[in-house]
Amino acid sequence: MASATLKKNYRCSQSLQQFYSGGPFVVSSDGSFIACACSESIKIVDSSNASTKFTIEAESGTITALALSPNDKLLFSAGHSRQIKVWDLDTFKCLRSWKGHDGPVMGMACHGSGGLLATSGADRKVLVWDVDGGFCTHYFKGHKGVVTSIMFHPDVNKSLLFSGSDDTTVRVWDLLAKKCVAVLEKHFSAVSSMAVSEDGWTLLSAGRDKVVNLWDLHDYRCKSTIPTYEVLEAVCIVYSGSQFALSLGAFLQQSGKKKSRSTGIYFITAGERGIVRIWTSEGAVCLYEQKSSDVTVSSAEDEDSTRGFTSAVMLPLDQGLLCVTADQQFLFYSPAEHLEEKWSLKLTKRLVGFNDEIVDMKFLDEEEQYLAVATNLEQVRVYDLSSMSCSYVLSGHTDTILCLDTSISSNGRRLILTGSKDNSVRLWESERRCCIGLGIGHMGAVGAVAFSKKCRDFFVSGSSDRTIKVWNFDGLSDDIEEPISLKAKAVVAAHDKDINSLAVAPNDSLVCSGSQDRTACVWRLPELVLVVKFTGHKRGIWCVEFSPVDQCVITAAGDKTVKIWAIADGSCLKTFEGHTSSVLRASFLTRGTQFVSCGADGLVKLWTIKTNECISTYDQHEDKVWALAVGKKTEMLATGGSDAVINLWHDSTAAEKEEAFRKEEEGVLRGQELENALLDAEYTKAIQIALELRRPRKLFELFSELFRKREAGDHIDKALHALGKEEFLLLFEYIREWNTKPKLCHVAQSVLFRAFNILPPTEIIEIKGISELLEGLIPYSQRHFSRIDRLIRSTFLLDYTLIRMSVIEPTTQDDLKTKSLLHSEKNMEDNAEEDQKQVSEEQKPKASGKKRKSHKSGDHSRLHKKVKDSSTHANTAAVPLQA
């Protein structure tokens, strides 16, 4: 068998995070995203896979109201701070904000034209705002309670605004007349939802008094009252021509329940019972009612707690119905396709807005398509990883589920095993989504379960009662209606404290248990006879697992270490240290040559056993990582923890190797292009390639070579003109480094001078991160100029020495005039050459008896010499030097 390639890196490909904490939400006009309130922030969520596109930190306290403009360009939000904010969804920046209410804003709606925004608040006011100007256009007062719901008439030509309040009334406001034109009083409790019929002349209002009232908008009288016998939270109109209406109409006509010329209004109600019902206004008949609720209700909740649906909306573009539950789930419904027997709704998607603490998870099959997740609830949620939606929920336990395991039975059925705080274990069949076996016998919470690996006809469970039980489920039939009571065929008192983890050997001959008593024990199956005991950890053991290839066991414990033990003699083979807190999970990878661990420090680590080396560390969690699942096909990872986040990790070793090879190949080709550009003297292209390849040394050599040429300025200006802002930023980084070294600073200063000549200061300031680079350039530049000043001042001593030696004379006013005349002449260079020839002739030694004077200062750059004339002066004359 070929040796497995060691994994070097994993990449987090998908993540399921909390995106809804209850409260307001709003769906885009095309249904592609949902803006959800998540505590004090707003999450923009992709409705197809529940991924968070963007998080807006509103900084307005808990979000209480949301609204979208008709074109989905603007998002309006309000929170407990009473501040109304307008967000641009292209840049996710706040365009403007203002305050207008004296209490929290409870409702918000945008006009169909997009120019007006209506808000209602706990201060009993209804205000209408100009979106562009942010000023109040209408101020309505009259409600005697909190105004909870508000909506514009869907027809933009009708200037009507509706508001529902806790004072049991619905008020109709005329925007043109700026007054209340009707007060609709038929409810006996708070009005929770409103809707307008398709023709625009009937208003439907639903309340917590368990009725729906239909109002005629011609004369504002109540046409009918339909009792629903449940507290309602939402009412939605079913528009003709939609899939709902066509499907329902076809079924009713087929069954003979629909009249040929029916003028009734179809509408949907949702409320505390958690069921969807469809009504017709004609005869106040309920046309459809769900048999069972898809809402998962916690048994630990009080009777007074909110249950069922909290809101419902019809999705745009005929995408179905969206219902939101009290436990932050988004349920998507559409009509069932087969209507031969009875019309029904099917649940097409379930997005979970909040998972609470994740305690355990396992992949459901070898294809790594489904993931079973146990949270701080009594249900198991099974996720479809392709859409990150919750496919179904398994309910049956009466207390929190603490652990789970998955397996495929001998006859191909996918099974899920769960252990709970209710002291029981349950065996579930995935396809039928039902419980097929119930094991009762433990006297404490079941904290660990494990399926057999080879025979797949038994499982083991460990509990806080310190016992291990072996359960046999072989012989369970496929058509079980009620869960069968399972019996334990072996029991042992295994540890002195709670049992945290169990693992069955690949050949089903052994089972290993890890306990809070700091020991791990290996037991022979099926009699549960002790084989060996591992002692050495200083804290409780959280996880145990058998190696898939060797006779050894890996343990993870609260003492921040992971140990590998030999089953033969119980000795510790290796100890791995690196976590900064308790290690909660560890699992083998790559045929037992590597393992992955996660802990209470929120870190996930990848280790190589042979070298005792931690290859990679990942910090994608903000709290304890309780759950770790490893896929069998590609060994992808799934991690979850106390931060309610599920991260999916894929092996990126091969992809990164291929990417590195591609970059290296591309770098070689670009390097050759750079050399060719140098040979062809294409300096502009060469500078761009050097910047692209990030080769500062080559770039410095290019600039140094250019400055030696006569046309250096033109070449450099041409090269700098072709650079973008990002390339300029990179160039300034290199200049900053060159500027720190005295040998390189002259090139750095020259390039900097050219760059400042090309770029105006306004554009330089706009470059992101330039201020930090300029701050690094200033002190070294000041140091270089100070050194030059010191050198210039030092030359004055040489001037003084030569003057005192009578070799030169101080510069006079006449000399300065002569200098200015020389500079003004066009043939300055020719005159300079003639002067130098004359000086050289006069400096030839004369045949004289006088002592020869030294002329060593002839090369001084700042002085112009005037040689003494021995034939006219008896004494030696001084030579004036000029710059």
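Counting begins at 1 with the first residue displayed.
Glycine is no exception: its Cβ is also placed from the backbone N, Cα and C atoms.
TrEMBL entries are annotated by machine, without manual review.
If you check TrEMBL, you get these features:
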REPEAT    56-97  repeat 'WD'
REPEAT    98-132  repeat 'WD'
REPEAT    140-183  repeat 'WD'
REPEAT    184-225  repeat 'WD'
REPEAT    394-429  repeat 'WD'
REPEAT    439-474  repeat 'WD'
REPEAT    492-525  repeat 'WD'
REPEAT    534-575  repeat 'WD'
REPEAT    576-617  repeat 'WD'
REPEAT    618-649  repeat 'WD'
DOMAIN    672-805  domain 'U3 small nucleolar RNA-associated protein 13 C-terminal'
COMPBIAS  827-845  compositional bias 'Basic and acidic residues'
REGION    827-883  region 'Disordered'
Same-chain residues near the repeat 'WD' (56-97), Cβ under 8 Å, at least 6 residues beyond its ends: 23-30, 35, 37-44, 103-110, 112-114, 117, 119, 121, 129, 131, 134
Beyond the flanks of the repeat 'WD' (98-132) by at least 6 residues, Cβ under 8 Å: 24, 64-71, 74, 76, 78-80, 82-84, 86, 138-141, 143-152, 154-156, 161, 163, 165, 171, 173, 175
Residues of the repeat 'WD' (98-132) by DSSP state, where helix covers H, G and I: 0 helix, 20 strand, 15 coil
Average model confidence [pLDDT] within the repeat 'WD' (492-525): 95
